[in-house]
Amino acid sequence: MPKRGKKGAVAEDGDELKTEPEAKKSKTAAKKNDKEAAGEGPALYEDPPDQKTSPSGKPATLKICSWNVDGLRAWIKKKGLDWVKEEAPDILCLQETKCSENKLPAELQELPGLSYQYWSAPXXKEGYSGVGLLSRQCPLKVSYGIGEEEHDQEGRVIVAEFDSFVLVTAYVPNAGRGLVRLEYRQRWDEAFRRFLKGLASRKPLVLCGDLNVAHEEIDLRNPKGNKKNAGFTPQERQGFGELLQAVPLADSFRHLYPNTPYAYTFWTYMMNARSKNVGWRLDYFLLSHSLLPALCDSKIRSKALGSDHCPITLYLAL
């Protein structure tokens with residue numbers, strides 16, 4: 001079992017436990033950040049009102065939420081389930097659950113309305129990785145992993161097929177502090193891309209989860225200081241771009257909000273990053289292009305607390 005240690009430590013397999021190295025700042029820049037943290041500057045993000053109709057005017061019929069909870073038990077103690085009950089999604093996808101199925105908290109198993117529950121966790125690594133998918137409707141079919149042994153040992157992917165689409169929730173491997181796992185991440189990216197392309201050839205695809213990459217400079221607060229750090233290396237960004245092109249998929253948030261800055265989903269626990277909005281957009285809803293006419297809205301719930309990530313929500317009119 002990997003030692004928990006401090007945030008920013010490296011697990012035994014090299015997976016990084018959430019860090020966000022910052023570029024060195026001048027005193028002037030530091031003062032600017034203080035003003036922005038106080039709401040006096042442009043750095044804070046306000047989630048606009050939900051758009052619940054498609055471009056053609058059809059009302060939304062499906063609401064999916066995704067959240068990296070950074071440990072189910074801690075998330076529940078921090079009232080994460082209260083937010084879920086208020087948000088009331090039709091499907092809830094969770095990443096970094098750090099919990100085997102036989103140790104799931106009772107509060108989660110008894111969650112009203114989301115009675116079809118599917119979980120995946122590493123067989124030999126207690127308290128590490130893990131994903132969950134909870135649904136109001138019973139899926140036609142559910143599978144786990146991407147069908148390649150090298151990549152299916154850490155409980156990172158669940159696939160659920162519904163009538164009109166396939167939903168994949170994923171917790172993509174982190175390249176690690178010092179990029180100790182970058183080569184593995186590149187192999188994962190290639191295998192994951194092949195897998196998703198196969199799925200998307202049969203049915204429209206929705207991919208959601210913590211994809212552990214900020215795609216463009218607009219997707220993190222300090223791009224210049226992080227080009228050699230996990231989550232923003234050229235290799236990871238290129239891999240993400242190739243995923244969008246090859247499958248193909250569209251980034252639902254950027255499709256609707258192409259130029260909106262300061263929209264992040266992850267903030268390190270260190271250095272008051274969240275209050276200053278020094279963050280990264282690592283969590284996504286990616287859609288087959290055939291689903292774009294059904295896209296009503298793609299939301300970042302940045303005010304929801306309970307993890308070092310915030311939840312994201314997708315509205316579709318299917």
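Yeah, the Cβs are placed from backbone N, Cα and C, and that goes for glycine too.
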Please state which member of GLU46, GLU86, GLU87, GLU96 Swiss-Prot lists alongside ASP70, ASP308 for binding Mg(2+) 1.
GLU96
For the record in Swiss-Prot, which of the ranges 23-33, 100-110, 177-187 is the region 'Necessary for interaction with NPM1 and for efficient rRNA binding' one?
23-33
Write down the single range among 259-288, 289-318 that appears in Swiss-Prot as region 'Mitochondrial targeting sequence (MTS)'.
289-318
Return the single residue from the recorded positions list (GLU96, ASP210, ASP283, ASP308) that has the minimum number of other CB atoms within 10 Å.
ASP308
Which of the binding-site residues GLU96, ASP210, ASN212, ASP308 has its Cα nearest to the Cα of CYS65 (disulfide bond)?
ASP210
Taking every residue in the motif 'Nuclear localization signal (NLS)' (8-13), what is their average pLDDT?
39
For CYS65 (disulfide bond), name the DSSP secondary structure in the helix/strand/coil scheme.
strand
Near ASP210 (Mg(2+) 2 binding site), meaning Cα within 10 Å, which of ASP70, ASP283, ASP308 (recorded positions)?
ASP283
